[in-house]
Amino acid sequence: MKEKSFNFCLARFLFTLTYWAVLAYIPLLLKNYGLRDDQIGILVGAYSIGAFLPMLPMGILLDLFSSKILFFFSLGLFFIYIGGLFYFKSFLPLLLAVFIGGIGAGGFIILLPSAFFKIVGESKKEIAIFQAASYLGFGLGPFFGGIILRFISVNYFFYFAIISALFLAIVLFTLPDVKPVQFELKSYLTDLKNPAIWPIIITMLVMGLHFGAERTALVLFLKENIKVSAFYIGIFFSVIGLWMALISPIMARIKTQDFFWLALSLGWSGLFQFFTGLTWNFPSFLFTRLLHTAGDSLFLLEINFIIVCLFPGERLGGHSGFLFTLRSISVFLGASITGLINQYLGYAWTFFVSGFVSLIWAWALRGLFSKKFVLLKP
């Protein structure tokens, strides 16, 4: 792997480390502040709204301007978010803080992968390693966060988040600027005429519902239904993150030519999302989520690779921004709806509903769009 690709992977790791160290425990922090389940759902949803707002403009700006300026703007907003979560304890100030944090996170969510994909092109192996770096941060962030919350204090939890973000700032200085192109709206619209785009759009919406449900219910299901402490929640995220980081590069060997593996992985993920609601203790929960995230790993690799194949590299930022904006809108809807489900039906029902939706679309994706619908470069 080239040095510039490695630095992108390191930046991806540090961002997801910080992002998930905080996001994984937001429901618990808000619960400890005395907020209700429906308020927690609104706050998680507001974070998602903030995340989708900059995605399309940031994606287009990445095609046109310096990526470093955009990176550091997003990082500044993320620092405000961490500080707001630390100082504020009531609903309205927290609503503002998480909204600003969502904007900062949304910038990184679209900028880092889009800039990376512009550099590596259609290298599925390097995309898988980049994805593995994200999973490693996803695992270690909540792990360290859980240890700090369990054995030290909430104050040091936020210090850890700030220090991680400072290391991210250092790495961002080493990233190369992506070469800008001239803006032509007609070219973007022409790219969208590919009929393969529409099933991808629906898939991104289903993915958002799936993620929104998990962000609102997963940690609370562990705490209230499985009855585990913050320490074991950190252990769970660590195991899942390391598992996904391990299997993602292996899955890069799979040759993608159509929607078969995308549909299969989504169906597998949805099936074990549904079964998560039936788990009764920590081992059964962990085993079910390991099976679930095996599907997630392949699904996310497939969707990223398909997006890189479908769109021209010089306009990949704008198109990625469009798709991830749709996903974030769906995350907000999923989080808001499941906040109500959590309040009135219980946390298990969130997994039943979101798993069923994923299964239905996986069946439609495979049944409605045959192998001859679109052929992608293997």
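Keep in mind that glycine also has a Cβ here, set from the backbone N, Cα and C atoms.
Because the structure is a prediction, the values reported are computed rather than measured.
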Of 16-33, 196-213, which range does TrEMBL call transmembrane segment?
196-213
Counting Cβ pairs closer than 8 Å, which of 69-88, 94-117, 196-213, 228-247 has the most of them with the transmembrane segment (347-369)?
196-213
Six or more residues out from either end of the transmembrane segment (157-175), which same-chain residues have a Cβ under 8 Å from its Cβ atoms?
4, 7-8, 10-11, 14-15, 17-18, 21-22, 25, 67-68, 71-72, 75, 78-79, 82-83, 85-86, 115, 141, 144-145, 148-149
